[in-house]
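**Q** Below you'll find the structure I mean.
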Amino acid sequence: MFRIGQGFDVHQLVEGRPLIIGGIEIPYEKGLLGHSDADVLLHTVADACLGAVGEGDIGKHFPDTDPEFKDADSFKLLQHVWGIVKQKGYVLGNIDCTIIAQKPKMLPYIEDMRKRIAEGLEADVSQVNVKATTTEKLGFTGRAEGIAAQATVLIQKG
């Protein structure tokens, strides 16, 4: 049996925080605002995985009202989510992710992001795709006020 999940997330860019995307810290003058480390890409991946097994979203599992998750490492959250998927007997088919950001440029970090996501999903890097695009300076991402990400995952019974 195959199942598909889709994830989407957005975080505001602010001064005074590190920029962590796909489990990789990216040198930039701003970082993403959030209760956890605000890793927009890993949140998206986790949401896609939870959706594929009908387990809601990361807000249900890691509420931003719970102090336990303050500044949480999103990679650890993803590993927990993947544990739920595995417990239900699924393995990764593949995942395709898109980062939507005007700045900074993501290309130098894409391969490291792919490797980190593959590690979190206990998969081969060939099963993980990450790409980035801009909105041609339109909207909040185009004005570099925030970063968005989306992902689609295919899982199958192992």
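Each Cβ is built from the backbone N, Cα and C atoms, and glycine gets one as well.
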**Q** Out of His35, His43, which is the one Swiss-Prot records at the divalent metal cation site of Asp9, His11?
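**A** Only hit among His35, His43 in Swiss-Prot's divalent metal cation site, alongside Asp9, His11: His43.
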**Q** What Cα-Cα separation, expressed in whole Å, is found between Asp66 (4-CDP-2-C-methyl-D-erythritol 2-phosphate binding site) and His35 (site 'Transition state stabilizer')?
**A** 9
**Q** Can you tell which of His11, His35 has the most other C-beta atoms within 10 Å, given these are the recorded positions?
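**A** Output for this query is His11.
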**Q** In the same chain, outside Asp9, His11, His43, whose C-beta lies within 8 angstroms of the Cβ mean position for the divalent metal cation site?
**A** Val10, Leu32, Gly34, Ala38, Asp39, Val40, Leu41, Thr44, Ala148, Ala149
**Q** So if I measure Cβ to Cβ from Pro104 (4-CDP-2-C-methyl-D-erythritol 2-phosphate binding site) and keep only same-chain residues at least 6 apart in sequence, which ones fall under 8 Å?
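**A** Expected: Leu19, Ile26, Pro27, Tyr28.
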**Q** Under 8 Å Cβ-Cβ from His43 (divalent metal cation binding site), six or more apart in the same chain: what's there?
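**A** Within the chain, His43 (divalent metal cation binding site) has Cβ neighbours under 8 Å at Gly7, Asp9, Ser36, Ile58, Ser74, Leu77, Ala149.
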**Q** For Phe140 (4-CDP-2-C-methyl-D-erythritol 2-phosphate binding site), what residues in its own chain, 6 or more apart in sequence, show a Cβ-Cβ distance under 8 Å?
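**A** Once residues fewer than 6 apart are set aside, Phe140 (4-CDP-2-C-methyl-D-erythritol 2-phosphate binding site) is near Val10, Gly146.
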